[in-house]
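Undergrad: Following this message is one structure expressed as structure tokens.
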Amino acid sequence: MKVTFEELKGAFYRVLRSRNIAEDTADACAEMFARTTESGVYSHGVNRFPRFIQQLDNGDIIPDAKPQRVTSLGAIEQWDAQRAIGNLTAKKMMDRAIELASDHGIGLVALRNANHWMRGGSYGWQAAEKGYIGICWTNSIAVMPPWGAKECRIGTNPLIVAIPSTPITMVDMSMSMFSYGMLEVNRLAGRELPVDGGFDDNGQLTKEPGVIEKNRRILPMGYWKGSGLSIVLDMIATLLSNGSSVAEVTQENSDEYGVSQIFIAIEVDKLIDGATRDAKLQRIMDFITTAERADDNVAIRLPGHEFTKLLDDNRRHGITVDDSVWAKIQAL
């Protein structure tokens, strides 16, 4: 089914206000969920909203909490999220990293006691739109087996790197081949995954999203490489924030909350003039996209460049929402 941006935001706002969330907080949160969905990231927008409300109802999320700065070391700051709403807190933290970068050339905010930030790419994009390089990542509850194991002991720990090119170039990737949100998107659409995404119950690689969702044997990106990167990202976020690791979140909390996150902004224009920056970025992009194609029907893509088209299509033709997901939201 198709809905407008206003219908989508209105549905989110209604549910949030029914939980006695303050009007300004409900409006800002609903706006972010709707913008994520409008941008084509359904897995962490509309599809994720019922799960967000479940955690809100369970008390994992404290909607009136205010993040507090704990430590300030020039370009580096440490904050405690106080388990406030995840997407609103993450936006504020990247804004703060940008402010620090304006003063120091680089800004790093390490956040502890945070909630799920929904679409991590929103915060990298936020920096790149203002001309900064944006880098951020989060740890999570253990939802992926380390390479060589059957039992979940590491997080998917998504990493975002956004570059202020025209259009913005951005990698937004989980340390698994697919996020659990994308497994859900493919399952709801009745599609197999385009490549192997995990193991079946017999330990064989599989493209069936429902099987992986059920047994939790999701495949690390690049096999042992994604597993290793997940581990070191967790370690850095834990140390810089003095927050909880994947192990602590998993063993000590009843659900995924109290996670640790990193937000970095770099002011490129302090290091290179605008014309040179643009020319160098364009040369990189042209060199890549003019390579001979392996398949004439498959374009060579640069990461993140598809979002401009997805956003335009959704604004022109309406936002696609799965019927079953919309029914869940209407019932909240």
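Including glycine, each Cβ sits where the backbone N, Cα and C put it.
Among the features that Swiss-Prot reports, active site, proton donor is placed at His44, with the record citing sequence analysis. Sequence annotations record features per position, and here Swiss-Prot assigns NAD(+) binding site to Ile168, Thr169, Met170, Val171, Asp172, Met173, Ser174, Trp224, Lys225, Gly304, His305, Glu306 based on sequence analysis.
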Undergrad: My understanding is the cutoff is Cβ-Cβ under 8 Å with a sequence separation of 6 or more in the same chain; which residues meet that for His44 (active site, proton donor)?
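TA: Result: Thr36, Met118, Arg119, Gly120, Ser179, Gly181.
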Undergrad: What whole-number value in Å do you get for the largest C-alpha pair distance within Ile168, Thr169, Met170, Val171, Asp172, Met173, Ser174, Trp224, Lys225, Gly304, His305, Glu306, the residues recorded as binding NAD(+)?
TA: 30
Undergrad: Name the residues of the same chain, 6+ apart in sequence, whose Cβ is under 8 Å from the Cβ of Met170 (NAD(+) binding site)?
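TA: Those within reach of Met170 (NAD(+) binding site), by Cβ under 8 Å and sequence separation of 6 or more, are Gly121, Gly124, Trp125, Ala128, Ile160, Val161, Ala162, Ile163, Pro303, Gly304, Phe307.
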Undergrad: Just jot down the residues in the same chain as His305 (NAD(+) binding site), at least 6 apart in sequence, with C-beta under 8 A of its C-beta; none if empty.
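TA: Listed in sequence order: Pro167, Ile168, Thr169.
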Undergrad: I'd like the number of other C-beta atoms within 10 A of the C-beta of Asp172 (NAD(+) binding site), please.
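TA: I get 23 for this one.
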Undergrad: Which chain-mates of Ser174 (NAD(+) binding site) that are at least 6 residues away have a CB under 8 A from its CB, listed by sequence?
TA: Thr156, Asn157, Pro158, Met221
Undergrad: Among all protein chains shown, how many Cβ atoms are found within 10 Å of the Cβ of Lys225 (NAD(+) binding site), not counting that one?
TA: 12
